[in-house]
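Q: The feature transmembrane segment is assigned by TrEMBL to 21-42, 54-71, 78-96, 102-122, 224-248, 260-281.
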Amino acid sequence: MRKNYPLLTSAAFIRFWASDAVSMFGTYVTAQALQVLAILTLGASAFELGMLRAAQWLPYLLFGLVVGVFVDRYRRKPILVGTDVIRAVLLAAIPVSMAADALTIAGLIGIVFAVGLLSLVYEAAHQSFLPSLVPKSLLAQANARLEQTSAVAQVGGQALAGYLIRFAGAPMAILVDAGSYLVSAVLLARVRVDEADISPPPGGRSVRTELAEGWRWVYHHHALGPLALASHAWFLFTSMVSAIYAYFVIRELGFDAGAYGATLAIGGVGAIVGSSGTARIRRNPDTLSPMVWIVDAISSN
């Protein structure tokens, strides 16, 4: 406990951590609720379900580097609060539209794309906001806490989502997520941090110049380059499976929302185990490569 003491006495970090936890739980609830809503309520086909899934991640592919450049030019806290509030409004529009019998699969895809873009902006600001809250010596520990929270949310959020959808309906589950974003925004607004010196002026450099520098730095880096390419491949093939998984489990196997959520929650257990080793890997990074090969070998069988 002594190692955690300085970190856990930081009111700014505690509020940031709490906002992240609330938001992550809500996010995993909605991720599942959207699939169920599209299949059971809107009668989405496998192709339409794939388009819905693609809409969530397409902003990351199209605007990832651009968003990073623009976020670096502004204070992070207003960005985090603003994106939370707007995402809450967009998600609340789903059950409202459904109540008015005006929700279509095309409209749902559009909302998901907008939420995905805002999530990209949020995550870019989120990553660069943390160093302003904790000293460098506690940064790895703080990141480990956030990763562990995300892993727990992946298990708990998806398990909760299944039963919330089953007993209250998918629209209500999505409304819960909208509320979680508002709670997150309130917590973030109460974080006291001085960002005056965090984002210096870009010195007259154009966005194109900064994009080119960022591209070269990431993809020419001896470690980040291969990791980035591996991440791209992982997202591509994982998204292909995820796009049809819900359709297969619900339509073909006849699982209800609770059972579907349980199958997703089981997969999150591995995330908890992995996040618990973050600090140890940081102290001994040479263990990372063998671990990656072991995981790849297991997952390919």
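Glycine too: its Cβ is placed from the backbone N, Cα and C atoms.
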Q: Which sequence-distant residues neighbour the transmembrane segment (54-71)? Criterion: at least 6 residues beyond either end, Cβ under 8 Å.
A: 31, 79, 109-110, 112-113, 115-117, 119-121, 124-125, 128, 207, 210-211, 214-215, 235, 239, 243
Q: For the transmembrane segment (102-122), find every same-chain residue at least 6 residues outside the stretch whose CB is under 8 Å from a CB in it, and list them.
A: 27, 34, 37-38, 42, 44, 48, 51-52, 55-60, 63-64, 67, 71, 79-80, 83-84, 86-87, 90-91, 93-94
